Amino acid sequence: MDKLVINGGKSLFGSIEINGAKNAAVAILPAAIMASKNTCSIDNIPNIEDVHCLERILTSLGCKLKINKNSVEIDSTCIDNLNANTEDVRKMRASYYLIGALLGRFKKARVELPGGCPIGVRPIDQHIKGFEALGAQVEIKHGSVVISADRLIGTNIFFDVVSVGATINVMLAASLAEGVTTLENVAKEPHIVDVANFLNSMGASIKGAGTDIIRITGVKELKGCSYSVIPDQIEAGTYMIAAAACGGEVVLQNIIPKHLESISAKLIEMGAEIKEDGDSITIKSSGKLKGVNIKTQPYPGFPTDVQQPMSALLTVSSGRSIINESIWESRFKHVDELKKMGANIKVEGRTAIIDGVKNLSGAVVKATDLRAGAAMVIAGLIAEGATEVLSIEHIDRGYPNIEDKFKALGADIKRVSYSK
Ligand code: EPZ
């Protein structure tokens, strides 16, 4: 078992590369199984546990994979198993994209219900509503989604809630449906656009991704292609916040500044300096920033996935900050951990009220989920003295080489193996 040991209080200086986007990659890998001809070569894949998990799942379906550090070649012409029921399927969220992908290509599938971060109730009713509207029969049997269709026929679907997962999943299935599907009230996150671009490179016909309405004209088959995943908005946001919190000057490379606008705007409001230059962004901060109010919202609003890292910064920002978490009902599990380090936070339902303290003090804390883990690392980097972050398997699910990247910026952080 590993933990991160951090001696806080160092300013951060230097430059690091941001990896490919986790939430795009974990949808693009399942989408690749829709190719009935040729192989998919996918580049800029982040080297994280969620990706490794999906690579194992694809292999279990019969795909042949050639895996390199940041790229993968997928031959899905030889799929011979439509029953995704391994431990890997159960433990991650994005395995639910296998439902849309297998339904689209084979018109049937059996996929165990997904796991993922414990951040609130995570229903898939909107996914099912979309599949049924396309003509599929869906049953939940013994913990699996069992789905089949004689034909998938394009239709109009208006989602009741804006959902990243439902938008992508139904877009996958509709790509191989007969006729035109119109999806309304869809999510607009950068990874939605990236998955649509990937499917279009495979021969799909998808228009409007990134707006409220997506129009998909079904095609008969999809084939392999070469593709590079977009940079990770959330990883970049996390390092921006860490730089703002510790003080110093940090350059992030391989990013798309437009995707970071809501985060940049808040950091500027707090007193940090941000400079965009092509595919890089520079964050300069004195480390003494002022508190702000935040409401998490679907893109282009402030991302819920950056809320937890941001709350670590707000614990030492002057005055009172109020966070309203509008996407997930229990995404404040990191608060008790931050309190162990001296933070002054009160949670009332979906609101956290943070009164800035002078500094945090190092403690033994745990990563309760992926982004909570990032928050605890940032807290450890700010704090006076030593912090140990336990349960870092959550962090490894989404942040490649986190300790190496922070070390490259001058932080005192190391990974240590230990037994319970
Ligand atoms: C994706 O989860 C991300 N995961 C999450 O990132 C992210 O927090 C979330 O989108 C919001 O941006 C992946 O991409 C793998 P949703 P997803 O469907 O698709 C409700 C991270 O840290 N809803 O957009 O599961 C739901 O309860 C992870 O990287 C329904 O009611 O999220 C929530 O309140 C954590 N019915 C809201 O919609 C449904 O059928 C948004 O969920 C689906 C969702």
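Backbone N, Cα and C atoms are what each Cβ position is placed from, and that goes for glycine too.
Same-site candidate for UDP-N-acetyl-alpha-D-glucosamine binding, as annotated by TrEMBL with ARG93, ARG122, PRO123, ILE124, ASP125, GLN126, ILE327, chosen from ASP75, ASP150, ASP305: ASP305.
Overall, the recorded UDP-N-acetyl-alpha-D-glucosamine-binding residues ARG93, ARG122, PRO123, ILE124, ASP125, GLN126, ASP305, ILE327 cover a maximum inter-Cα distance of 22 Å.
Taking the Cβ of ARG93 (UDP-N-acetyl-alpha-D-glucosamine binding site) as centre and 10 Å as the limit, one finds 18 other Cβ atoms among all the protein chains shown.
Sequence-distant neighbours of ASP305 (UDP-N-acetyl-alpha-D-glucosamine binding site) (same chain, 6+ residues apart, CB-CB distance under 8 A): ASN23, ILE234, GLY237, ARG371.
Least crowded of the binding-site residues (LYS22, ARG122), judged by neighbouring Cβ atoms within 10 Å of its own Cβ: ARG122. The separation of CYS117 (active site, proton donor) from ARG93 (UDP-N-acetyl-alpha-D-glucosamine binding site), Cα to Cα, is 8 Å. Shown are the binding-site residues ASN23, GLN126; of these, the residue with the fewest other Cβ atoms within 10 Å is GLN126.
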